[in-house]
Amino acid sequence: MEIDILSLFPDYFASPLQATILGRAIKQGALSVRSRDIREFGLGKWKQVDDSPYNGEGMLLMAEPVVQAIRSIRRKKSKVIYLSPQGQLLSAKKSRELASCSHLVLLCGHYEGIDERALTAEVDEEISIGDYVLTNGCAAALVLVDALARFIPGILGNQESAEYDSLENGLLEGPQYTRPRVFEGESVPEVLLCGDHQKIADWRKQVSLERTRERRPDLYLQYFYGNSACLSTQEDLPRIEVVSPKTFSVVLEVQDLRKAKKFYSRMFGKECWDGDKLFLLGKTSLYLQQTKETRGPTTVFIELETDHDFVRFLKRWEMLGGELGEQGTGGFPLRQVFDLDGHIWVVSCVQK
């Protein structure tokens, strides 16, 4: 695999790419990483690469030097990635996907960013390593290289280690132990010493689930959602309890009252209806009002009692034709979903 990194600081990558597993992989020829200086494509005598933006403060990388730098190394099957906090969050799944590419061009951001026209013209995908801002994109490029390199055959001494690491299967890895058997009075779990591979595998899976549920409930719910059985009938869908300590009513404008009522009947149960009024729980009510033209989407906030209800809600919503939106960040079970008329439901789960 070949990777070209475009930045203003090509020397930044020298030491990390010469040491550790990455350095060994490069020496063995399993991976090729080259660092290029965008300034080589700067304009004029002084090789200018940045200028002040029209609509803000600071400096931006200019479109022309960036575009020329990319085109100088881009090939027919190259994939150009811009490291940006606005991009898709890097994951083990994405790293594995990128490891199958033959040639990557990593574009590092500097200053306040890059002229949008360069991104539109040349960038295939934007990737973020987290919801924070760095002084430049060089560190993010190194993170991406390291993350995807682990999935390139021959780079890790034991390829199986990549398969069992945290997040590879959507869960956090469980605790690890080595010799001695007892340290400061604390023993290695007996199951790891029994020699029964199936029991050990079952134990690892269980502690992995427990650790993920405790430390990263967002990942736990995402895993649970992705691996739960597909629900196909109304009988399979038990009543979802909605937490509502206060009285409130919501009016939703819909273009097809019959269709909308059928959707919400299957979501919350036919027994909850009184005419065109839906009782979600106790004093909470939802009114449907048919209109030819809606005044725009309404946002409804709903909190569910358990994480199982949260997952069932999302499964049912998608099965009935609703759309799933963005997943919340920060470890909190939160998801935006859209009904058949485009109204927004912000769904969360009680934190216990």
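Here the Cβ of each residue, glycine as well, is placed from N, Cα and C on the backbone.
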Among GLY109, GLY154, find me the residue Swiss-Prot lists at the same S-adenosyl-L-methionine site as ILE129, GLY130, ASP131, TYR132, VAL133, LEU134.
GLY109
ILE129 (S-adenosyl-L-methionine binding site) in three-state DSSP notation:
coil
Quick check on the binding-site residues GLY109, GLY130: which one has the highest count of other Cβ atoms within 10 Å of its Cβ?
GLY109
Near-site residues: S-adenosyl-L-methionine, ref GLY109, ILE129, GLY130, ASP131, TYR132, VAL133, LEU134, CB cutoff 8 A to centroid:
PRO85, SER128, ALA140
Looking at the binding-site residues VAL133, LEU134, which sits with the largest number of other Cβ atoms within 10 Å of its Cβ?
LEU134
Which residues of the same chain, at least 6 positions away in sequence, have a Cβ lying under 8 Å from the Cβ of TYR132 (S-adenosyl-L-methionine binding site)?
PRO85
Of ILE129, ASP131, which of the binding-site residues has the most Cβ neighbours inside 10 Å?
ILE129
